[in-house]
Amino acid sequence: MADPWQECMDYAVILARQAGEMIREALKNEMDVMIKSSPADLVTVTDQKVEKMLMSSIKEKYPCHSFIGEESVAAGEKTVFTESPTWFIDPIDGTTNFVHRFPFVAVSIGFLVNKEMEFGIVYSCVEDKMYTGRKGKGAFCNGQKLQVSQQEDITKSLLVTELGSSRKPETLRIVLSNMEKLCSIPIHGIRSVGTAAVNMCLVATGGADAYYEMGIHCWDMAGAGIIVTEAGGVLMDVTGGPFDLMSRRIIAANSITLAKRIAKEIEIIPLQRDDES
């Protein structure tokens, strides 16, 4: 039986490359930077242009599908997540990196049907790395098959996370306290590249053993989530329960063992869900 969503995935890869070219061109020029929810939550005209290109191109080809995009939600659209085929679009994951020309900037496209991940595309466009994952068919980077690491001993692990965009003192206290608790176990280290999607893809490559974060959004996770699971990894809530795309929090790890060990250390940050906004 033919794969009903392969054509969608192939089209998404083409569009991600086009978006990446737009971003690389924009990096050569001066940019207008605007502030969203906090002084560390930035948006540029390029974010909006790239999302408009992606949304309009996909809507023209698949008018019956649903769409959730970062900049559309920022402009006031509701996050309505149903069983219908739904595209999750983050035009520039790592906008602060983009603004500073720090070379980790990604286009993220996730596609879900019946609320299950079917495929994900993460194009780290400065690096020219195209990460893809298709349900039941594996995860790849530039055509090379990905496999998570086998390191389940947290004392020998390398984790990735972010400080996040909130600058509220209590939120920062929890974020830094969680990092301190994990480092004190001890572990080999914690790294940050400034984009949730690329952080998750690094788990899929085996370069990092796990990633955790609270305060991100569904469009940050929808593309990379299936890349992690198709590389042999797991997605889990930071409480140790099942992963919930709308919860704004995640552990993406090489194994249930490591994910649960991380969850044991984490203090939870109270967050409004994406589907409550």
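Backbone N, Cα and C atoms are what each Cβ position is placed from, and that goes for glycine too.
When Swiss-Prot records Asp90, Asp93 as binding Mg(2+) 2, the matching candidate from Asp209, Asp220, Asp237, Asp244 it lists for that site is Asp220. Here Swiss-Prot has Asp90, Pro91, Ile92, Asp93, Gly94, Thr95, Gly194, Thr195, Ala196, Glu213, Asp220 binding substrate, and the candidate from Glu70, Glu77, Glu180 in that same listed site is Glu70. Remark: Asp93 (substrate binding site) has Val105, Ala106, Val107, Ser108, Val122, Thr195, Ala196, Ala197, Val198, Asp220 as non-local neighbours, by Cβ distance under 8 Å and separation of at least 6 in sequence. Note on Asp90 (Mg(2+) 1 binding site): other Cβ atoms within 10 Å of its Cβ, all shown chains, come to 33.
Reduced to three states, the DSSP call for Thr195 (substrate binding site) is coil. Same-chain residues with CB within 8 A of the center of the Asp90, Asp93, Asp220 CB atoms, the Mg(2+) 2 site residues themselves not counted, are Glu70, Ile92, Gly94, Ala106, Ser108, Thr195, Ala196, Ala197, Ile216, His217, Trp219, Met221, Gly223. The separation of Glu70 (substrate binding site) from Ile92 (Mg(2+) 1 binding site), Cα to Cα, is 9 Å. Residue pair Asp90 (Mg(2+) 1 binding site) / Glu213 (substrate binding site) shows a Cα separation of 17 Å.
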